[in-house]
């Protein structure tokens, strides 16, 4: 009897997981043969973890970027093609050297040209024009190569201003304006102030170019993604920020301080003006003394850095004859070499030209010295800041973060992969558009390295692990409060209280088939054909065996024996044994089960062994479990309840049963099963481990004992927590493995996941998990089988309840046949016991998703059976409450389908 699951509530099964047939005769997938070695060589993973991680992160971040208006706009094709070449050019040392020389030329060459007293500016203009073109070219290259981090950054605007200010040093542009006529020249204070402002502007342009020099300062050109070393990254960032601001402050002070004197009365040498006035008055009043006066005035400038070098008549003026004979007067030093050193003054009748070569050279020399002083100050302060930051920040922080890495590596075995994933996310491929980590802009690159992110993830994981560890129950308090007394009693019974020692020994090294195993493909083929023939001769089909539709209760003794032989066959683990010995072992194991037990009988043993066989194949256990471990868990499955009396541990302890006294109330039934198993194996004719070495036998015995002891329901929630912790510690690896399994099931498990599963403690956890999951797997099988086994286990509970009534001891929850509603009890069993386990498991093993879906279908079917129960017809309020519980269960399933990255 089956019911269709509401497609609107739960998503359909993945296409890679086939729906199970509903009857033994229904079609089922064919048997997938296994390789000859203990570990399969999985097909190569076509997608790298880096690509998968980036794709997932991009998909998650896309809607948020759209909301805040930060969509990743595709750049033009031409720019996208040119960007990698531009970035390589920017990093080229010859290009950087050329730009540094160009910057020095822009800073010092105009002043050196004046100091050299070159007669013309043609050569200077050619050089500065080339420098200007280099600046513009550099601006374009950086804008293309580092578009996102350079454009609109501090250095972008400084580079732009530096390139524009260079235009002021080009004589063919600066001298393009027509000269002022003689009538416009005066000693007006406003004009003098304007001249002063022009001089300050020229100086500002020069120092704007100096800002470009900041990129060459110590610590400015380091790669910010240096192996994710947070201390170094913080140090570089801090040095860059402080050095930039300090250098800019020095430059601004040099530029701004002179502005405060701009509105004061300008200082001016009035001697040139007085010189012209005296000559003009001498010409008008006493022309005969003109020559003497001219000689006296020229001697006045003997100790001055500037002097008149020529006096001539003003054009268009008719002078006296004796004056005309004396003009033009030319000094012995002659005219200045540079036209800009020639300063002309006018009077009504005369023109006087002064040689200002020495003042202009002095001014240029002071400019050069000022630039040198500023550069020295910038370098000095940068070095001081670098040393201070290293002493105050870098070294202590390096020690701290080194301890963080060491502690993280001891806490989490996957911390190396976590760091690698974050490093890969932060790295940019050369061909990618985001490779702009070398940008000097403050917005470019990550501000800190990966240790801070690693530390954040470590803290988050510690919080999750602490919550898992401290939480005594996987059932939330609100749900627990709404349960009946019987349901709470069942959950408390499953939680248990025994503290088991951790299984911390080293298992044998993961090995391939050796001389004790299957040697070659031919031998493997022979064995598998013999196993198939045995199954077919017994009247079974491999399609039925390799599905979840097999029900041992529907098979006779011979078919169950053949099925058990097939499950334990060497093709499933790689260890050879004598078929006769295996037959004897199975017979003795069957005789060890009590036939009168409705549930814990031989049929249950075969059913659990079948489930373990299916899990080992479905979860590709040969890639991470050794052959001894797989053989041990199959042997443990067939005998995990051997000798079970049909009474639980609580009953044995309450009644002071002989088993409880023998095993000190610690898992008396499970200890009994272990003792019974090795009692059977102690018989030479039944010792299926006889082919193992002494060391192998010792290890297999430990695995069997640990696995069977963990079938105690008191270990149930402890095991759930261990699985949850396994996922949380390795979530990055397992999430990526989960994603790749959805895209290509044959790619699971990934190499990283296999390494995670091969850890000794993890391997023993998985062995215990496989057996325990198989032991409670009836609720995850097709409802027809689920219902049959539910009736069997409830009948066993009721038999114990009858015994408890006879003995006068308290009747345990689910044991009172007069009070327990069978369908309702199964919903609770699924909700509180089975679902927490399977929801934790599917995050580690995504292939288990089909079982989770079937479990939820069964819960809905049990709900319908409960609602139509004529004996205890539920109220509408009870129906709504149960429906809400199942809906909450379905929501938890959806959450498990999409674990956060």
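Yeah, the Cβs are placed from backbone N, Cα and C, and that goes for glycine too.
Matching 344-364, 365-385, 386-406, 407-427 against TrEMBL, the residues noted as transmembrane segment span 365-385.
Checking TrEMBL for transmembrane segment across the ranges 94-114, 178-198, 199-219, 220-240 points to 94-114.
Distance noted between the C-alpha atoms of residue 603 (AMP binding site) and residue 640 (Zn(2+) 1 binding site) is 12 Å. On its own chain, residue 600 (active site, proton donor) has 593, 594, 641, 644, 646, 796 as residues at least 6 apart in sequence with a Cβ closer than 8 Å to its own Cβ. Spacing of residue 604 (AMP binding site) relative to residue 640 (Zn(2+) 1 binding site) is 10 Å (Cα to Cα, whole number). Within the group of binding-site residues (601, 826), the Cβ with the highest number of other Cβ atoms inside 10 Å belongs to 826. The two recorded residues, residue 640 (Zn(2+) 1 binding site) and residue 775 (AMP binding site), show a Cα separation of 9 Å.
Apart from 604, 640, 641, 775, the residues listed for Zn(2+) 1, the same chain places the Cβ atoms of 600, 605, 608, 637, 644, 711 within 8 Å of the centroid of those Cβ atoms.
Looking only at the domain 'PDEase' (522-873), the predicted model's pLDDT averages out at 91.
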